[in-house]
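Features of the protein shown, as given by TrEMBL:
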ACT_SITE  HIS81  active site
ACT_SITE  CYS122  active site, nucleophile
DOMAIN    207-292  domain 'Legumain prodomain'
Amino acid sequence: MHYDDLADHKSNPTPGIVVNKINGTDVYKTPYQVPKHYTKADVTPENFLALLRGDEELEKKGKKVVKSGPNDRIFVYLDDHGGHETVAFPTSVLHAKDLNDILKAMHKDNKYKELVFYLAACYAGSMFYKDLPADINAYALAGTRPDELGWFSNCGPSKYNTHDLNKEVLNDQYEYLKSRGDIENQHAQQYGDLTIAKEHVIKYVEELNSLLNGRKLMDKQIEEYVNELPGIDANIALNGKLELNHRDCYRKLVDTFNDKCYTFGQNTYGIQKLHIFVNICEQMRDSSDADIAVNRLIQHCNRNVMKPNNII
């Protein structure tokens, strides 16, 4: 959920590109592939709360919602402007009472085993300090006290790249924020069930890590396959945008990839790679080249044991 006005904003020093850290890579490209499930007018407090509770009406409209049950751990990260007991959305505000009422209702309805909520905003602590109970298996880490402003700093989740998340616990991240000398004007706070802070970070980001690693693996395997093909310009195949004319060739490669490598229904990330097969087919000179490419794909998939995987 993001408004999606950064890429083409006149103040963006890198037009068309959005980064999440200094000198970072485009978040809309591999490996992040940040989705756009809720943008522009869909970014509302009502939709935010509805997607948390798994609203069926939103799902019927094709929107992503949290489909969870009593055995699930949920991690929520919200970064925005804040005021006293409010968080700003583009055209409205999220109130502390409404947020905590939803968390309580989710607990009552067995929507989670444990829930962790990270909030980065001015006055972030005011969203939880009066309203989040300690007995609903929910833990909140707020970037600021209830009465203080927050400031941007390039820290926090970026340290995932250098720390062992199997050993690091949530409380370590809280202590890390407290110790940062460059954010001395604000003070991280903890609320709710503080026993959850003793749990390992990997419990809450394991699925994300697995997802990103799986996508990197698919990218690597496809690139290796392309480089094995005779008479094909690998750079054009991987990065080109050729128009599809050789449909029989394209169909053979797509069906083979789905049957022998990654099933698209369980690995929808692979759908974004289909242009590579277009670029391969459009470089072929003879009809027999398609059969060679298909056979090479089967061999490559069998050799690298791509299936089964889930890289949604």
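Yeah, the Cβs are placed from backbone N, Cα and C, and that goes for glycine too.
All annotation found in TrEMBL is predicted automatically rather than curated by experts.
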Between the residue listed as 'active site, nucleophile' and HIS81 (active site), how many Å separate their Cα atoms? 6
So how many of the residues in the domain 'Legumain prodomain' (207-292) end up helix, strand or coil by DSSP? 62 helix, 0 strand, 24 coil
Under 8 Å Cβ-Cβ from HIS81 (active site), six or more apart in the same chain: what's there? VAL87, ALA88, ALA121, CYS122
Taking every residue in the domain 'Legumain prodomain' (207-292), what is their average pLDDT? 91
